[in-house]
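Visitor: According to TrEMBL, the record shows the following:
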- 11-96: domain 'Major facilitator superfamily (MFS) profile' (DOMAIN)
- 7-24: transmembrane segment (TRANSMEM)
- 44-68: transmembrane segment (TRANSMEM)
């Protein structure tokens, strides 16, 4: 059996953790809907829009990712996306 490299393990672990964080973000916005309902008196349609906004943002971001990869290169654009998604998550983690 071949020895697994750190690069190979990271290559398969990173998307799994990213999917886990994406699921966590989706669930956390669903948990906040009660507070938003109390503050803004949202009707059911607006509640659905607020909860699905994270998915809509993912679709829009996926649409631009190919363009950014072509313009700046795969590694630079991936690094920038990782930095831009890590900062808000760390701030939210530190806020609690």
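Every residue, even glycine, has its Cβ placed from backbone N, Cα and C.
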Visitor: Same-chain Cβ contacts of the transmembrane segment (7-24) under 8 Å, 6 or more residues past its ends?
Guide: 58, 89
Visitor: How does the domain 'Major facilitator superfamily (MFS) profile' (11-96) divide up by DSSP, counting helix, then strand, then coil residues?
Guide: 80 helix, 0 strand, 6 coil
